[in-house]
Amino acid sequence: ALGAAGPAVFKASESWSTALIGRGSFSHVVRVEHRHTRQPFAIKLLEVRGNEGRELCRTELGVLRRVRHANIIRLEEVFQTPDRVYLVLELATGGELLERVVARGSFTERDATRALIMVSSGLRYLHSLGIVHRDLKPENLLYYHPGPDSRLIITDFGLACWRHDWALRTLCGTPEYLAPEMVGGRPYGSAVDMWALGVISYILLSGSMPFDQRSRPRLFRAILRGSYSFHCEVSPWSSVSNQAKDFIERLLSLSPEQRMTAQQALAHPWLVGMASDSSNRSLHRPISQNLRQRASRASARSHGSGSAPGSRSAASPRSHPGHESCQLDGNRLQHGVMGSAETARSCRNRR
């Protein structure tokens with residue numbers, strides 16, 4: 001609960017009901033619903049005690065205050081106390097991108113292009129403002145509502161930064177989605193988000209990760225070599241169009257300069273034609289099978305190590321009971337406001 005120490009708007013407890021969504025070392029998130037209007041919001045409570053908490057809060061708040069786009073989580077209001085900041089965000093209730101893929105009875109290339117157009121549109125807007133997300137992954141892509149016409153929104157800006165910050169050499173994000181220039185400690189920019197979009201595109205069309213190594217050193221070596229293939233044991237790649245594969249290849253380019261920008265991605269024939277040249281064949285069975293198998297392995301590893309499930313992003317509620325989770329990644333290297341202080345401290349700017 002928010003309690004009497006919170007901002008004045010929340011002191012009228014008779015008007016609001018709350019439920020915990022997620023908890024982290026620097027913040028926790030509650031779902032708030034007005035009892036009369038039933039208007040739901042997500043409120044992210046950021047702890048601002050200490051230099052680290054203040055810096056993380058400053059960056060995320062600065063980004064959210066600046067952006068306004070249909071495919072980016074919207075900041076509604078901000079309230080502040082001496083040691084906390086309350087971010088009132090729109091609440092996305094339609095579930096994660098991959099959860100919807102699994103829940104569907106059919107999934108085609110055309111369905112994939114619909115999602116990727118929305119993500120690319122959001123990235124084009126962010127990059128035009130000089131904002132780099134740095135933790136783009138399926139878990140941070142949420143549908144606004146459960147309906148088939150829902151918009152897809154980019155969430156969780158805890159690791160976002162401005163392109164002019166430092167020389168941008170900080171190694172942070174989720175390992176499986178890191179671009180080679182970030183892994184190699186080289187200066188980077190918005191192209192790291194486009195690499196992550198390539199990884200997401202690969203997952204959407206196969207249910208598998210392009211770089212899927214059990215150890216982090218091997219994973220990073222595979223990323224630095226750009227060694228992935230369109231062949232898996234259980235894979236729909238033989239049914240995927242060459243245009244779709246070309247789209248992925250242009251995003252997973254080792255050279256940031258040769259990698260597609262968000263604008264170029266939106267102009268790619270595969271997205272422009274919404275996969276019109278591909279067959280309308282459903283890829284759902286192998287994709288959902290691969291996603292379920294990986295989710296099962298990840299769950300087994302989590303229980304085996306005794307680790308707790310990771311916190312959800314700012315405006316994303318936990319999966320409902322019985323709703324299968326399709327989380328593909330490990331813990332991100334720097335958790336930002338939702339992560340551990342110890343991990344965040346270990347992520348230093350490598351100048």
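Glycine is no exception: its Cβ is also placed from the backbone N, Cα and C atoms.
Fair warning: this is a prediction, and the values are worked out from it, not measured in the lab.
On the 0 to 100 pLDDT scale, the domain 'Protein kinase' (15-271) averages 89 in the predicted structure. Residues or ranges marked as domain 'Protein kinase' in TrEMBL: 15-271.
For the recorded site, Lys44 (ATP binding site), the DSSP three-state label reads strand. Under the heading ATP binding site, TrEMBL lists Lys44.
For 277-293, the entry in TrEMBL reads compositional bias 'Polar residues'. Residues 98, 101-102, 104-110, 204-208, 232, 234-236, 239-241, 243-244, 269, 324, 326, 328 of the same chain lie 6+ residues outside the compositional bias 'Polar residues' (277-293) yet bring a C-beta within less than 8 angstroms of a C-beta in it.
The region 'Disordered' annotation in TrEMBL covers 277-351.
Residues annotated as compositional bias 'Low complexity' in TrEMBL: 296-319.
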